[in-house]
Every structure is written in C-alpha cells, then in structure tokens.
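Input: a single structure, listed below in structure tokens.
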C-alpha cells in the first residue's frame, strides 16, 4: 500500500510540473509560428491544460481500466468547476467579458447533455467514441473560424499578457514541449499504476479512484494556471481555461479512451456523477452569461456555492472509499 501511495504522489508532482512545461512550450511555439493569441488561448492553453487527463485516460484504457479513464474525465470536469472556478471566484469575483467564452458555454451544455445519452445505454462504444472525436474536430474547426473573424476578443489580450510572461524562442519552445510530453507519459504511467493498486487494495472500482484522487490530481495544472491568470486579473482566461478543458475532457478524453477500449458505465455514473456535472455546468453558464439584466460575472457567493458542491461530493466519494477499505 505504501509503494502505490508514493507512486501516486510522485506521479502527481511530476504530472503537474510536466504539464506546465508542456503548455508553456506549446503556447510559445505556437506564438513563434504566427498563431493568433486568441487561438492560442482557446486551443493551446484551454486544451493543453487537459493533456494530463488525456494521457492518463488513454494509458488507463490501454491497460484495461477504462473506468478510471471515465472517472478521470468527469471527475476533472467537476473539480474544474467546483474546486478551481469556485475557489478562484471566492478569492476574487470574476468579470466575464469574452464573447468567445460566452459562446462556448452553451456548446459545453449541449455536449454534457449528449454524454447523458451515451451513458444511458450503459456502455460508451467505439462508434460513439468516434462521434465524440468528430464533434471535437468540428468544434476546433469552428473555433479557428471564429478566431479569424474576432481577433479583438478580451481573451486575446489576456493571452498576449500570459505569452509575454512566458516568452521563449522557437527552439526553447519546441524543447520544452517535447520534454513536457515525455514526462507527461512517464508520470501518467506511474499515477495509473499506483491508482489501480490503491483501488484494488481498498476494494473499490477504478471509476471511484478516477473520480477522486486521479481527477483532482490531473486538474492541478488548471488550478495553477487559473491562479496565475487571476493574479494578472485575466478573468476571461480563467473561465476560458475551465470551459475549454471541460469541452476537451468530455469529447476528446472520453472519446480517445473509448476508442481504445469501450467504457462500461453503471447507472450510478448517470445519477450521481453526470447529474452533478450537469448541474454545475448550468450554474456556471447562468452566472457567467448574466441573467435578469445582470452583467456576466461569478461573484464570491456563487463561487462558494460551486466550491461547496465539490466539497460535498468529494466528501461523499472519499467516505465510500473508506467504508470499502474497512469492509463495508
């Protein structure tokens, strides 16, 4: 039990460090190659912070643990909205000015609803996984089109400030992208091995471990980048990170994992995990898009509500693990 726990701890530390290097390197490389700041913010940073979820879930599915992959994706979405967005808004209310982010929120809601239809049958098949990946490709294509038309979005200026802080040459960007990617794979292997061993030791499903320990761990890069953006008052980049990451997790992470190995999902995933994820998505969208004439923002009370939902859910899931470890 000690060795798997150390493997998870070491894997998480290395995962967070390598993910930050990967995103910084990829963003700098994209900037040097002439990609617009808006596209970098939407795709490279927004999706890049989900690289840990993608690698961990793909490895888990390849090793015969697709439940861990699904738990990682959905658990990370819940952590992104509850832990990250909730905590950041509690520290400082977030003003939402980006039209791009506001357009992406309904898309995220629609994608989350679609995932319920896939879960209803109890299995996410390879054909359904290809549908998810196809939708991701359509979304990326649409994002590129919108970025070419709307280069003056507030998200663009937020990204420019972030790129200025992490400026590096093309060569350095390529090197750090490569190093980050290699270490992502190494740390993910370590994390998956330790997580599966812990699940077996406690007698719980790999889905539950994926929803808790692994999900929170793979969300740490988003937390670090969001707090960093908050310090620079880049509010649209904070919300953009969360929305982009959740879109990528729901479409890309689940899609790739299910292509590798179809994912069985019990009814509890729909009733417990998806229901919370959907409720938090709706709340985030209502807060951020504004209602009854109110401007879009996420204040401290709303942040506290999201954080409380995450803490309540996590407490319940951890209690399940503890009860299982004590024999019921």
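Residue positions begin at 1 at the first shown residue.
Glycine is treated like the rest: Cβ placed from N, Cα and C.
TrEMBL lists 5-143 (among others) with the feature domain 'Sodium/calcium exchanger membrane region'.
The domain 'Sodium/calcium exchanger membrane region' feature in TrEMBL is assigned to 174-317 (among others).
As annotated by TrEMBL, transmembrane segment applies to 78-96 (among others).
The transmembrane segment annotation in TrEMBL covers 105-123 (among others). Tertiary neighbourhood of the transmembrane segment (105-123): same-chain residues 132, 135, 139, 243, 246-247, 250-251, 254, 262-267, 269-270, 274, 277-278, 281-282, 284-285, 288-289, selected by CB-CB distance under 8 Å and a gap of 6+ residues from either end.
Feature annotation from TrEMBL assigns transmembrane segment to 129-148 (among others).
The feature transmembrane segment is assigned by TrEMBL to 168-186 (among others). Within its own chain, the transmembrane segment (168-186) is flanked in space by residues 14-15, 17-29, 31-33, 51-52, 55, 59, which lie at least six positions past its ends and keep a Cβ under 8 Å from the stretch.
Taken from TrEMBL, the feature transmembrane segment applies to 192-216 (among others).
Here the transmembrane segment (237-262) has Cβ contacts under 8 Å with residues 41-43, 45-47, 49-50, 53-54, 57-58, 60-62, 64, 66, 69-70, 72-74, 76-77, 80-81, 84-85, 88, 94, 96, 98, 100-101, 104-105, 107-108, 111-112, 115, 123-126, 128-133, 135-136, 139, 155, 158-159, 162, 222, 225-226, 229-230, 281, 284, 288, 298 of the same chain, all six or more residues outside its ends. According to TrEMBL, the transmembrane segment annotation covers 237-262 (among others).
The transmembrane segment annotation in TrEMBL covers 274-291 (among others).
Residues or ranges marked as transmembrane segment by TrEMBL: 303-322 (among others).
Below 8 angstroms of C-beta separation, residues 78-79, 81-83, 85-91, 93-94, 202, 204, 208-209, 211-212, 216, 276, 279-280, 283-284 of the same chain, each at least six residues beyond the ends of the transmembrane segment (303-322), sit close to that stretch. Beyond the transmembrane segment (78-96), the same-chain residues lying 6 or more positions past its ends with a Cβ under 8 Å from any Cβ of the stretch are 102, 211, 215-216, 219, 222-223, 226-227, 230, 235-236, 238-239, 242, 245-246, 273, 276-277, 280-281, 283-284, 288-290, 295-300, 302-311, 313.
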